[in-house]
Amino acid sequence: MSSTTTTRPNGLALFILPSALMFALFFFLPIGLMALMSVLTGNPVVMPKVAFTTRHYARMVGDPYYLEVIWTTIRIGLVTTLVALAIGYPLAHWMARIKSRAGHALLLMAVLAPMLTGIVVRTFAWMTLLSDKGVVNQTLMSLGLISQPLKLMYTETGIVVGLVHIYVPFMVLTLTGVIGRIDERLEQAAENLGASPLRAFLEVTLPLSLPGILAGSLLVFALAISAYVTPILLGGFQIMTLPILIYQQISANFNVGFAAALGIVLLVISLMLVIAYNRALGLVSGQRELQ
Amino acid sequence: MSASIEIAGVSKVYDGGVRAVDAVAMDIRQGEFFSLLGPSGCGKTTTLRMIAGFETPSSGAIRVDGADITHVPAHKRDMGMVFQNYALFPHRTVAENVAFGLRMRGLDKATITAKVKAALAMVELSGLEDRRPAQLSGGQQQRVALARAIVIAPRVLLCDEPLGALDKKLRQQMQFELKQLQKKLGLTLVFVTHDQEEALAMSDRIAVMNGGRVEQVGTPTEIYNQPTTRFVADFIGDTNIFRGERTTTSTVASALDVGKGLILALPPTEGQGTGVLSVALRPEKIRLITRTDAATAAGSSAHGIVENTNFLGGAVLYRVTLESAHRVLVQQPNAGTSRLFVPGDGVTLEWTPADLVVLKD
Ligand SMILES: Nc1ncnc2c1ncn2[C@@H]1O[C@H](COP(=O)(O)OP(=O)(O)O)[C@@H](O)[C@H]1O
Ligand SMILES: [Mg+2]
């Protein structure tokens, strides 16, 4: 007994070692450096005399502009997540429950196909649709429904549309796996006991798919708040988000310390979400006594 | 109040083209324990699911108390169902599971609490209200499923192999309890099983199914003693089936020539005739005695040698090879007075022609 408990982790450690090293080198090291930079007065590589400072963070907290950017980022993330969930859930439910194999394959293709095209290409496609002289506005105007072009691009709405399109597949794939593992007979049992199909869904399938909803939302939110290309192209620098701000601080202002501090804020938002997710999941599954 | 069910020429063809249920017709009476019995894949579950409303018949109609419900959605059928895997809601407690149907009926809290309590007491699960299904044994889960289905006082209770996952001892106990409960509540119960002993022990009537069709509907004694088809005779208990040409001998007017010199006298009810026929003879209807040199009674006895024996406790099952090379199962009660035969013993078999059952193919 004791021999297995001592030798087995050692054997395993050998296998884990390479990936652990990779992880440390390419993940913890950069983040550690970023954290370090965010509390230094300058870049120690080029500037011999640097000191510790909290001024980057103080600047963020002190200037409403930066708080507004953070809030915009979170808002875009939340709206994108909710819309992706609203679109993705029915699709995932359909995919998880469809009987015909061909139908399932078709749906899967439809969900995956957009992922085969690059984000930039897809974002440009949205620009041709959403711009003032884009397909949507031209169509509406030629139909006489509107006289002025609607402002679709360079708005948060435009960014959300682009982001949802890109991240819905992540939501669908996460949810499909979870919904597919819920026994259909549970819904039938509910109907047998007098629940309408909608009620059966609300009472049984929805609560049981909560872990998938949480996981998918976390994934999409984290991806949406760190998205960069889409907010730039569809927002045209008129909507500021954290990733855009970080990019500007590095490339235009050369303020690496402030950029690092912004990066840390982005990271902390994501981390807080992961922690909240784990707690929520613990509550949900603790309730279900799965462990 | 319990209801009667009429299944009128119902067929079900699945999308892939599988004809799972083929022109099934049967009448299930009010308050009756009715079993659907047959081998795996014969269409029992499909039939039950059509009664419950989870599948729509491709043709035919289902009526409850005379009213056509073929296209009524499942949640408006007012039927209780115990699923094969119980289908308990994993995210709800025992009490919440049982309360579900009552909640859907919009009953007030106090009534629900009282009814749940009574239902759990009935299945002897009082005290487990706050457990989750995952914290229960198989037998307890089965009881929760049962309580959840009967607490709504359904018109019909449908059970799909509800005892299949339990071990033998528990299964026998639950068979007894379910039967008691059904009688006490006067429930119309449709019970699906592939276990013929279970069906014989519990049912008022049984429908034996094979390949999507109903082979025979009858009481357990009818099904056992007078199987009408070869399949039923073969599926229910052990039996000897002989097939041969009808004939007439000097001593027996109506007989069956099953080949190699073995002639079986047909039951007196069977008139003279010609053609091919199958008959069944239960192992316990044959008497086994030490071989006598006296001439055997024509058509109702034969000589043979014991091939092997199978001691069952209360009875002994012998496999005997006749002089005609037919192999026959014979079951004798273990009376304890006479010595048991051993392989190699010469024996004489005797039976009464009236015990032969003529089968349709
Ligand atoms: N959803 C389905 N789609 C296609 N074929 C099915 C489906 N359900 C059952 N079948 C087929 O129908 C036949 C009867 O199945 P079933 O009613 O489950 O039998 P049983 O309950 O007697 O074992 C089987 O051949 C089975 O493979
Ligand atoms: Mg079945």
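Keep in mind that glycine also has a Cβ here, set from the backbone N, Cα and C atoms.
Annotated domain 'ABC transmembrane type-1' per TrEMBL: A:70-277, in sequence order. Summarising the annotation, TrEMBL assigns transmembrane segment to A:12-40, A:69-92, A:104-125, A:159-179, A:200-222, A:228-247, A:254-277.
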Remote residues contacting the transmembrane segment (A:159-179) - C-beta distance under 8 A, at least 6 residues beyond either end: 76, 79-80, 83-85, 87-89, 91-93, 95-97, 111-112, 114-115, 119, 122-123, 126, 130, 152, 205, 209, 211-213, 215-217, 219-220, 223-224, 227, 230-231, 233-235, 239, 241
Seg_contact(the transmembrane segment (A:200-222), the transmembrane segment (A:69-92)) with at least 3 CB pairs under 8 angstroms, min sep 6: yes
Stretch of maximal Cβ-Cβ contact with the transmembrane segment (A:228-247) [cut-off: under 8 Å; candidates A:12-40, A:69-92, A:254-277]: A:69-92
